[in-house]
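These notes are about the structure you will find just below.
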Amino acid sequence: MVSSTSELITQPVNREEVVPSRKRIKLPAWLEVVKPRLIPLLLATTVGGMALSEEWPLPSPRLACTLGGGALAAAAAGALNCLWEQDLDKRMKRTSNRALPSGRLSQSSVFIGAVACTLVSSALLVSGVNCLAAGLTLLGLCSYVLLYTAFLKPRTSQNIVFGGVAGAIPPLVGASAAAGHIGLGGWWLFSLVMVWTPAHFWALAILLKEDYRSVGIPMLPTVSGPFVTAKAISVYGYLTVFLSFLGCFVLPEGGLLYGILLLPYNSRLLQLVSRLRDNPEDLDRAKGLFRWSILYMFGVCFLLVISRLQVSIVFNDQLIALIKDFSIGFS
């Protein structure tokens, strides 16, 4: 009985079981290769970077050019990633039916599409935003395709720790789009995404470790096992919580309100991290942490924007005044 239970807990799952929308929505081949499900979170952290600037909110045309250019660059990065990894995808049952391995799209059409997206993205950002935002966006694209996909991913179990820089660049793009420079707030959100990424991705890697093992990709769960991975996730989870609260001090306004609203997000994150550390072989716990980690980062960016609303700023100032009056009463 114990043996059968263990097999049930550790049985590998498909990505479709982790992200239920994959079951319901069959994407066209041309849309599948650009990995559209990854783009919304990248745009959310871009907006988060904007909200940390004194110049928030941005004029609508500049906001549209920033998000449009970012989405196109992310699409190009996704397509180039699919091109690079098509041989690996052929060898994994989970990915063998993707557009390139199955022959539904040709390599040349995907490459041309990626180049077109990159050129239009750069044109939008240079003409509608600024050269710094355009340069950072191009840096993010190159770091994802060259640094992470081509160099780090097949060589080291710490690939996502260093390769995570690609996913952390959008806050820098947002900050530079708003102010023309990055600033302390942009660097803070960049750092937060960097430390959040390993905990987020390794939870997924636990679920898909057999896929990675079958093609020789040295993800941490395949190299060191789920127990070591769960401990590493715990370290990065606590770092994420610590860094997230520093946002109280880098927000131009509304920092106290942001910190208060962040409490339940961090409490839930630590709860799920602890549950996985207690039983790293329970795939339901890894799945729960992976899903929550996505909502967590969306939530942080949402709170950054909410904290910059005028009504939030007024409420934040009233809270500070109340705390001061309360402290004076005890002095």
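Note that Cβ sites are derived from N, Cα and C of the backbone, with glycine treated the same way.
The annotation transmembrane segment is assigned in Swiss-Prot to 63-83, 109-129, 132-152, 160-180, 188-208, 215-235, 241-261, 294-314 on the grounds of sequence analysis.
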Test the contact criterion for the transmembrane segment (188-208) and the transmembrane segment (241-261): 3 or more CB pairs under 8 Å, pairs 6 or more apart in sequence, then answer yes or no.
yes
To the transmembrane segment (160-180), which of 63-83, 109-129, 215-235, 294-314 is linked by the most Cβ pairs under 8 Å?
63-83
Stretch in 132-152, 215-235, 241-261 most in contact with the transmembrane segment (63-83), if contact is a CB pair under 8 A:
132-152
Is the transmembrane segment (241-261) packed against any residues at least 6 beyond its ends, judged by a Cβ distance under 8 Å, and which are they?
51-54, 56, 184-185, 188-189, 191-192, 195, 269-270, 300, 303-304, 306-309, 312-313, 315-316, 319-320
The transmembrane segment (109-129): which same-chain residues, six or more beyond its ends, come within Cβ distance under 8 Å?
30, 33-34, 61-62, 64-66, 68-70, 72-73, 75-76, 79-80, 82-83, 99-100, 137-138, 141, 177
Residues from the same chain, set at least six apart from the ends of the transmembrane segment (294-314), whose C-beta lies under 8 A from its own:
41, 44-45, 47-48, 51-52, 56-57, 189, 192-193, 196, 200, 244, 247, 251-255, 257-258, 261-262, 265, 268-269
